[in-house]
Number of protein chains: 4
Amino acid sequence: MGDSTTENPEIHPKFVTGEAGYILEDVPHLSDYIPNLPTYPNPLQDNPAYAVVKQYFVNVDDTVCQKIVVHKDSPRGKHFRRAGPRQRVYFEADDVHACIVTCGGLCPGLNTVIREIVCGLYHMYGVTKILGIDGGYRGFYSRNTIPLTPKVVNDIHKRGGTIIGTSRGGHDTSKIVDNIQDRGINLVFIIGGDGTQKGASVIFEEIKRRGLKVAVAGIPKTIDNDIPVIDKSFGFDTAVEEAQRAINAAHVESVSQENGIGLVKLMGRDSGFIAMYATLASRDVDCCLIPESPFYLEGPGGLFEYIEKRLKENGHMVIVIAEGAGQDVLAKCMEHDASGNKVLQDVGHWLSHKIKDHFTKKHKMTINLKYIDPTYMIRAVPSNASDNVYCTLLAHSAIHGAMAGYTGCITGPVNGRHAYIPFQRVTEIQNKVVITDRMWARLLASTNQPSFMSTQDITEEKKVEEPRPTQLLEGENCQDSKY
Amino acid sequence: MGDSTTENPEIHPKFVTGEAGYILEDVPHLSDYIPNLPTYPNPLQDNPAYAVVKQYFVNVDDTVCQKIVVHKDSPRGKHFRRAGPRQRVYFEADDVHACIVTCGGLCPGLNTVIREIVCGLYHMYGVTKILGIDGGYRGFYSRNTIPLTPKVVNDIHKRGGTIIGTSRGGHDTSKIVDNIQDRGINLVFIIGGDGTQKGASVIFEEIKRRGLKVAVAGIPKTIDNDIPVIDKSFGFDTAVEEAQRAINAAHVESVSQENGIGLVKLMGRDSGFIAMYATLASRDVDCCLIPESPFYLEGPGGLFEYIEKRLKENGHMVIVIAEGAGQDVLAKCMEHDASGNKVLQDVGHWLSHKIKDHFTKKHKMTINLKYIDPTYMIRAVPSNASDNVYCTLLAHSAIHGAMAGYTGCITGPVNGRHAYIPFQRVTEIQNKVVITDRMWARLLASTNQPSFMSTQDITEEKKVEEPRPTQLLEGENCQDSKY
Amino acid sequence: MGDSTTENPEIHPKFVTGEAGYILEDVPHLSDYIPNLPTYPNPLQDNPAYAVVKQYFVNVDDTVCQKIVVHKDSPRGKHFRRAGPRQRVYFEADDVHACIVTCGGLCPGLNTVIREIVCGLYHMYGVTKILGIDGGYRGFYSRNTIPLTPKVVNDIHKRGGTIIGTSRGGHDTSKIVDNIQDRGINLVFIIGGDGTQKGASVIFEEIKRRGLKVAVAGIPKTIDNDIPVIDKSFGFDTAVEEAQRAINAAHVESVSQENGIGLVKLMGRDSGFIAMYATLASRDVDCCLIPESPFYLEGPGGLFEYIEKRLKENGHMVIVIAEGAGQDVLAKCMEHDASGNKVLQDVGHWLSHKIKDHFTKKHKMTINLKYIDPTYMIRAVPSNASDNVYCTLLAHSAIHGAMAGYTGCITGPVNGRHAYIPFQRVTEIQNKVVITDRMWARLLASTNQPSFMSTQDITEEKKVEEPRPTQLLEGENCQDSKY
Amino acid sequence: MGDSTTENPEIHPKFVTGEAGYILEDVPHLSDYIPNLPTYPNPLQDNPAYAVVKQYFVNVDDTVCQKIVVHKDSPRGKHFRRAGPRQRVYFEADDVHACIVTCGGLCPGLNTVIREIVCGLYHMYGVTKILGIDGGYRGFYSRNTIPLTPKVVNDIHKRGGTIIGTSRGGHDTSKIVDNIQDRGINLVFIIGGDGTQKGASVIFEEIKRRGLKVAVAGIPKTIDNDIPVIDKSFGFDTAVEEAQRAINAAHVESVSQENGIGLVKLMGRDSGFIAMYATLASRDVDCCLIPESPFYLEGPGGLFEYIEKRLKENGHMVIVIAEGAGQDVLAKCMEHDASGNKVLQDVGHWLSHKIKDHFTKKHKMTINLKYIDPTYMIRAVPSNASDNVYCTLLAHSAIHGAMAGYTGCITGPVNGRHAYIPFQRVTEIQNKVVITDRMWARLLASTNQPSFMSTQDITEEKKVEEPRPTQLLEGENCQDSKY
């Protein structure tokens, strides 16, 4: 964390420590930089629905424990502030002017999150002024806004995509904060991935610098599941479900033809979660290639050798490749091939070409390779039931936090409980499939694919992992991935 | 826990305590009652897949923390033994003779669990003798067994149901244990709900009494999600997903006709989780009735009044009722009706009848009520991707535990990590929707339905909750349900 | 046809005859009762889309042949007027005031038909005044209308149900025609089944009596497929598709338990098409019971005997029953049972009860019967792709006909070509599964179920068939059902 | 037809003529070239299922009329021999040795056809010797066969693909007929498209030349629906249904981003039926490009102009392109581009590239184009209910025909009735979307896309159509496409 602190001197994680190694990594609050803010009773206390639920308000001391696998005498480790409604809030319903923006690529559940922010603000807190920012960050300054009401959003969770549009880039801190200020917006909900949340962090810093009473709430969105700390990102379950269709088609194609190979490219620029879970769920995959685990094509222990082996044994095989896998091999090949780079941009096409070339030309072996890229068909579906419930909790947690004055943080489930997490905790590092972990071992066992690794690789890979702030803070080897 | 200890003097929970309020509730082990058992190196250490994953074996001291929401100075609370492969095992592959039995009603994922036990035993531990017990407990003594191999189970996860059949009841401890002994079975995997696991517990006690080297591994199955301690039961996600179809149909029917009412009965004899989650996921439900929350029909604040209000406002409504809801009202009505009890057994039919009667006869108001009972269509679908991954981990955890000599326990995820949990912890109490909890408040807020409760009810309900061992052990009010 | 002519002296089928036994059964036209109506060029001739399609307009002499299976020298038989756009129309766009009404139960595709009438009138003929009548026939006089524009209906084909509501009954000829006259409506699209089209016929007669320039276009809707002459009704394909889910669930339930019986009730009051096609498509059904084919329970050759046989052979079975099947047996049973009639209204419940009773009480044989009634889940789904295309053609054909002055008829495909058919041809008789036909023989062969028939039954059944006007007109035995 | 007769002197269509312009285009029969063949009573007459269906056997004079749209005095036109069981058959069950081969690409329903041939032969005719030829034509001489029984094929209709494998090419007439002769096979079922049926025709000629008592039955398979005469090919409905998913995803992607373009490539090398029907069913498509209708990119009336117009109006659009569309434009572009041809093979990639290039580079306009190629995901799904019933009838018709001695023909529905059609009638010409027909006009009206045609194009296109044998024989303009 040393480095990042040097780079962003503004970002001071708020740490609170306790006995037995207890650490709370707290989030910013409006009162940190605006003195004497008045508070109001939470309007939820008058809600008939909550009248019967006495324990509804979150105790101010509640924190969520990150470390679940412990020893009798291990330190308690890091905690986050529990999400949920507070007894007192920092905004009055009539004064609230909220806005919602969605950035980056599509992800199942975007519309559900939008719907639940609107309905939650309206029904729980009586907020009526809610704007949709059209088409991502640049919508703040270059386009008209879209008024959002419970009626407008009523059915949108049954549709894929985002009704307020999205885009990449377009982040201009001054213009955005000017616009927020000019419109009198005081609750900003920013739904987006890694880059978007970095942008949100900068917006928060500028708002703080200007001393504005504006809460900035990040809602992490990444279909790749590459956001750290939180259990999983919304839409991920739906994406894995949809990916099954493509894998199943690849399986059917491969078994119906001699030396049939079904090749499926799935999302995952830097992390292979969708590929890994889809492979584990499907059971029809013979080889899963992800960015975290390097592979090579030629020679002993290489992919071609494995393909040949499988075709000889079974006559067919299915390969799943995450879009970010094999970038190093691909880069090397491009140097070899000299020109025609355009062809090679897509790892799926590149691998198709390589496999066909290897077996047809070099081995005079007829293979029937079918390449499937279901990316946009996966991204665009509506969220499934499980993601719908997730999105509801996420939206509500974000609302409760912002109304209670928490700002400069994202919301997400940690070990099943929703918590508030400082921006820098999720933007500094990426969540990756840990390939020295049991989940990856399970995958290897399930596919029986080679690890494509020499001892040297493994050692190298560990070196890269070690400086992770997470690991350092947790400080011991009993913690591993979720399962 | 006092009572149960009196009833089953054999069951001694193994407690280990530590500093800062750390408690480990451990599970039985073969070595508890058989001295000097030899151990063997885990064959997984030679598995090429695991060669690269050095941290694969679970540290013997790893435990999983149950309490996630904590205060800086709150006690650490209860922990369970972490599931996973151990360095040393208590069985040699050639000596293992495993069996699998499925009991009770269908649940999505049964076939996936069976598949993964078979494939896991075979591929990870080299076990080849695996029997399917045909048709539940009584299959041990009254029917032939079904030999299970990876080939036989290869595609079964794509089908609903259970390929080895199931039944209710049929538990005869002596006959079952005799049969286990006669066949030389030493690993017993028992997949079933509450009652089945109670039966498994008794089988374990008998096996222990006879001093047999037989590990009994329970795999909790309940589509209702009413097993406590674990995060959720397998098949639950799939069931909620499928329930959406019925709710959606009810919604379409209701909006297409004047005073349209769509009534959907969902599973849930004692707990309303499916009804609650399906309601939260769908957003089209106006009223959700579950066993945990009593309701009444007539008079102010009653269901009829609410229905009338909604029909006047919107012209249509959707009601979801769990099969176990309203049993007290139903019982009272039956006394009134004197005869014809058969008609009234199904709460959905009963409520249909009551509503039609009330509005048509008493109010001369034409209503169009459509009743949908999707129960068997939900139970019989194959598990979705998320449940498939869950079932795989569950099966593998159960295998690792049994091979490592743990017995008399069930396997399941606690806060996302798989753990071994003693039988009595899951059979003594039931998991229920806590209607003084935030999740239920969320539902009430989402549907805007009345709570159907007087202050008296709430107090009474709390009284019932208090004696729960869980609550007593946890001892403080900062812990609530998962979200 | 003699009888019906006596009853409705107004209805004169317009017959045109030709050589080689050619008969055209023509439909009424506005010019039949209003002299000297002006005509206008069809605005489609200026449509850029149609500019390239020279043969777009239907030749005035085109007729559609009903008899497809012929002999070299057999008479040509009956024909209908071909549907499609005419060179000249009887309405000017600005003068058109159209209305749409949907009556009866839900059926997949209703919204698609509504959408396509609105979009077709608007885009093809430039009609802008289109009203939705709210909630069926009674909406004409008791409720406000719903203005329909292409924007309003844009996405409705992706939803089940009908956005303009529906109801049964409520037909009051005078009030309806008064209302049509008062509002200045001159195109009336009536979507509904048997009874609805009879109503439409009476409305047409009254309009003709009053000499109004109002075209009445019937669009036949029946999920049961019981409308004669036309190839199949819209929504039928979708319904059969959805029915598979229930049958599949019944199959899974039945094979997972000892003596498992899955019983599925499908739609079909008077005709068993859904049950028959779902059975043929699914291949998992052991017995299909439909209204057209009587069955009995007890004794040799009865259903119980067959069930017992199947359970002995396979251990499980699936039964599909159409809702109208076995009404005679059910009626007899009711007399026997004396009271408790309410229970027996649903043939599925009744049969469940009977089977359980027979095997459990009388045979002391444990059976596991699961009863599934997917009716409302089938009716409420959106139409599939095939039905969407069908609904589009149907709506367009109805529009073209009405604009061209044809009235008092329904539209539908005859041997794949859309045609205009007089009301009485589809309301006088019902389309039924002909159980002396090859399709039923195929089903019997597929399920291997007994025919539940004595020679006497067969003879009787033929007697009933004989007086059918269809048969008389067609006059020979070489014609059979579609396939 | 003149040309083809010259090329294949062996092929003499058997024409029978009658009064009023009646023509029967008959199929070959074993008795044409083998004198004095004995016949046997059809074993179906003893089938209990058929006992009740007296009219089950097809009258020897039954023919199916191809021309449905007629005038009072138009000639009756062409007919085909009706399919179905005959009173007498030319094979005895014990002597039958059947084989099944599947060739070409995957298509939904292949497994259903295989299943129903096996079950139909077995259950209806008592045939037990049925072989699956492994992997297409070459499987006859280079691979082992797969014995097929009702048990083996029981569940295969629920899976996509073909269990007996498929391949392209591999046709070696002598080797195949030698193998048929050596194995004593006398019923040959050949499932495949255009090229495959040409191969089947040659096999039939060789069999006839050798005087073998072997019936060759072709079952036309083409997901593209490009086989003429028959109503539609099996799997087509399922393919259109699945194509909706891709179009829907393209729609969601396009509306969620500024200047969003969703581009979907669908199957259709020479004919655009899938693209056309999917467009008509979906209603979300702005432009549908098919092989039959040429288009151009640049200049007035070109595709780029239309895209720009739509983006300005709506901000987004969806384009569907059949894989064979625009081959002429694509060919020209390749000449321009000089090298890098590999990139341009796929019309979808080519068009993506062209559109991006045009708008980004030339117009400095940011567009968000998402390209979806769902081909293999569509081909590999199991057939839907409607196709399942279709496949059953197809298989049964083929069986009845072969058993009755008909050979050298394919089976398929003509105006809804199954008929036997000589090979040359389906292999000489291809079924294409007639773009001067009403169905295409409907599509143009539905999308509002330009026709991309000058008057010259239309005239040219008509010239190409004229020499079609179909047109010549039918000889008049009242006949158009199905709807």
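For all residues, glycine too, the Cβ spot is worked out from N, Cα and C.
TrEMBL entries are annotated by machine, without manual review.
Source: prediction; values computed, not measured.
Under the heading active site, proton acceptor, TrEMBL lists C:ASP224. Per TrEMBL, the feature substrate binding site maps to C:THR222, C:ILE223, C:ASP224, C:MET267, C:GLY268, C:ARG269, C:GLU323, C:TYR376, C:MET377, C:ILE378, C:ARG379. Per TrEMBL, domain 'Phosphofructokinase' is recorded for C:99-400. The site 'Important for substrate specificity' annotation in TrEMBL covers C:GLY195.
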Sparsest Cβ surroundings (other CB atoms within 10 Å) among the recorded positions C:ASP224, C:GLU323: C:GLU323
Other CB atoms within 10 A, centred on C:GLY268 (substrate binding site): 28
Closest of C:THR222, C:ASP224, C:GLY268 to C:GLY195 (site 'Important for substrate specificity'), Cα positions, recorded positions only: C:THR222
Distance from the residue listed as 'active site, proton acceptor' back to C:ARG379 (substrate binding site), taken between C-alpha atoms, in Å: 11
Which of C:GLY195, C:MET377, the listed recorded positions, has fewest other Cβ atoms within 10 Å: C:GLY195
Substrate binding residues C:THR222, C:ILE223, C:ASP224, C:MET267, C:GLY268, C:ARG269, C:GLU323, C:TYR376, C:MET377, C:ILE378, C:ARG379: largest Cα-Cα distance, in Å and rounded to whole number: 17
Chain B contacts among the recorded positions C:GLY195, C:MET377, C:ARG379 (Cβ under 8 Å): C:MET377, C:ARG379
CB within-chain contacts under 8 A for C:THR222 (substrate binding site), separation at least 6: C:CYS107, C:GLY193, C:ASP194, C:SER233
Cα separation, C:GLY268 (substrate binding site) to the residue listed as 'active site, proton acceptor' (Å, whole number): 5
Model confidence over the domain 'Phosphofructokinase' (C:99-400) (mean pLDDT, whole number): 93
Number of Cβ atoms other than its own within 10 Å, given for C:ARG379 (substrate binding site): 25
